[in-house]
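Trainee: Marked as domain 'MADS-box' by Swiss-Prot on the basis of sequence analysis: 1-61. Sequence annotations record features per position, and here Swiss-Prot assigns domain 'K-box' to 90-150.
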Amino acid sequence: MGRGRVEMKRIENKINRQVTFSKRRAGLLKKAHEVSILCDAEVSLIVFSHKGKLFEYSSESCMEKVLERYERYSYAEKQLKAPDSHVNAQTNWSMEYSRLKAKIELWERNQRHYLGEDLESISIKELQNLEQQLDTSLKHIRSRKNQLMH
């Protein structure tokens, strides 16, 4: 038997709030995965905890490709809605700023992953990709080192 509806307001007790976030985050990630499988949809989900920790899910393709696709789509939509050239210029700069900021955040996140940090939030497929990239990099480094030594 279900517990009934929960009133939608901030949970004041910090521990209860953290437990609820953890459980609901897991459920949300599971639902995103289910939608991607059942509906053959490309799904991406980004969640930041109140402490700023990133949790993400992306079906099939990597998050970077989905974000780039979203940016292109958003940019095209805004271009269609803003006929005034001054508004277009301001929108273009705003979009470029947002795009570059997102790219920097993505690079910083990738750098943390390469350093072995924040790995809890990425999928097994992304972990395998990361491992393959690191293996390839290590082979290049060893090859270059051997060239210099001989």
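These residue numbers are counts, starting from 1, taken along the chain as shown.
Using N, Cα and C of the backbone, Cβ positions are placed for all residues, glycine too.
Each of the listed features needs to be described in terms of its position in the shown structure.
Mentor: Regional average pLDDT for the domain 'MADS-box' (1-61) in the model is 87.
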Trainee: Could you give me three numbers for the domain 'MADS-box' (1-61), the DSSP helix, strand and coil residue counts?
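Mentor: Its residues divide into 25 helix, 10 strand, 26 coil.
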